[in-house]
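These features come from TrEMBL:
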type	residues	note
DOMAIN	34-148	domain 'Plastocyanin-like'
DOMAIN	161-309	domain 'Plastocyanin-like'
DOMAIN	408-541	domain 'Plastocyanin-like'
SIGNAL	1-25	signal peptide
Amino acid sequence: MAKLTSFLGLLVFGFLCFICLPVEAALKKYQFDVKLSNVSRLCNAKQMVTVNGGFPGPTIYAREGDRVQINVTNYVQYNLSIHWHGLKQYRNGWADGPAYITQCPIQTGNSYVYDFNVTGQRGTLWWHAHILWLRATVYGAIVIMPQQGTPFPFPQPDREEVLVLGEWWNADVEAVEKQGNALGIPPNMSDAHTINGKPGPLFPCSEKHTFAMEVEKGKTYLLRIVNAALNDELFFALANHTFTVVEIDAVYTKPFTTDAILIAPGQTTNVLVRANQVPGRYFMAARAFMDAPISVDNKTATAIFQYKGIPETVLPKLPTLPAQNDSDFALSYNSKLKSLNTPKYPANVPLNVDRHLLFTVGLGINPCPTCLNGTRLTASLNNISFIMPQTALLQSHYFNIKGVYTPDFPDKPPTPFNFTGAPLTANLRTNVGTRISKIAFNSTVEIVIQDTNLLSVESHPFHLHGYNFFVVGTGVGNFDPKKDPAEYNLIDPIERNTVGVPTGGWTAIRFRADNPGVWFFHCHLELHTGWGLKTAFLVEDGPGSDHNVLPPPKDLPTC
């Protein structure tokens, strides 16, 4: 009996030792073949650029702590690169992906291995092409699961589903962009929105191009929602059901319930939905949000939330989406987004700021003798329209190549004015150039992004590569540096990588510059990015080799 007791004790001890051992990080490998594929939508067939023949492309699955290697082989006529949107890439800008910022693009017939670790992040992110308008069709989701044995900080769902919202053009997207650039005017807007690459049955020839997910009464589903659209912020809702928002941009949130979500290009949102209605077929729907006098694709994409056992002959019910220009919903929804701020998931908001920046967002008109009206639409930050270099900024910084950029981007607009007052139609001495901002390692930075009424006010989603940031304040009208900071949320502000600046308003963000390298900062409306609404931050190396940019990989593309 004593021997049996001793054996059982050893067995239990061994089991406890086993479960206490740290789980080794896995190596996840993917092959991305970028090639032309034949795709049909809206009664039209065309060849377009895809990854592994899919639209959207494959979902990347990993766990927090894993190492990921993705070999991208370019079989198309365009040079391209891929950005892993929201992954921090600590010291490893070589894997970030924006063409001519951290790397030269992958040339036709060549390959490049993106090699990175997933550290301190879990949730939903996404990947997309980062050159020209190729991300219209080259995109997909990234799902990062928590480490083994770590539960979600919300009720465990019975199942998950990835929903990637996008756009569809009947014409070749690159031809659409080139035509707009040649004429100096906005390119033609998309012909449809899509959910997982499918527009849904409200469009012609689209009954078979409708995404459907089957659900069971009483079960709870986690929807991982990505907005991969080029130019449209989107409302998203599900008929007769409510959402509980639990995560945005791979950061857990204080849960709250809503009938619809607002999601800007570049953003991700995870929601829980319980199948608690009368069994039937219900539409999930996505439609554009635009509260400025600017044309957008206002057509509604749909997918089906179908209860098990309900025949497909039952007509789905449409949800009631907010009105296209519902600014009040947009402001109210964003105000509900808060960080969890728990001991396990703290909100480490910088309370003291070393560097205060004010960036004004402006549209403008520059001379263009060959364009339709003799002018070309431009966009600028602090009256500077960014010119893409021909050598990647990170490479020129790392190898000390001169003449590629100047580190003198201004901390504030050179010409102050009533930013959101009466519409202004003249440029304020808009300059062009490759000017970036140099930031000291580990310094704390606050950026107030201020919309302006140059030509028109408009909402702008801004994305910062290499970092998350805290959204400490937002408002309508002009930012007041004497009054507005007193209203900042420095307790549990939402942490994210892409934030919407309200139409005719401002947003204040803070971050600690602890990731050395060159990091892109730009509007995630592809139209505005192409017009020059972008810059970059050069974050200097820190003390010691473990705070320096890593050496580049041997297969780094050359320009």
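Cβ atoms are placed via backbone N, Cα and C, with glycine included.
Across the range of the domain 'Plastocyanin-like' (34-148), the DSSP-based residue counts are 6 helix, 58 strand, 51 coil.
DSSP assignment over the domain 'Plastocyanin-like' (161-309) gives 11 helix, 72 strand, 66 coil. Regional average pLDDT for the domain 'Plastocyanin-like' (408-541) in the model is 95. Secondary structure by DSSP for the domain 'Plastocyanin-like' (408-541): 9 helix, 58 strand, 67 coil.
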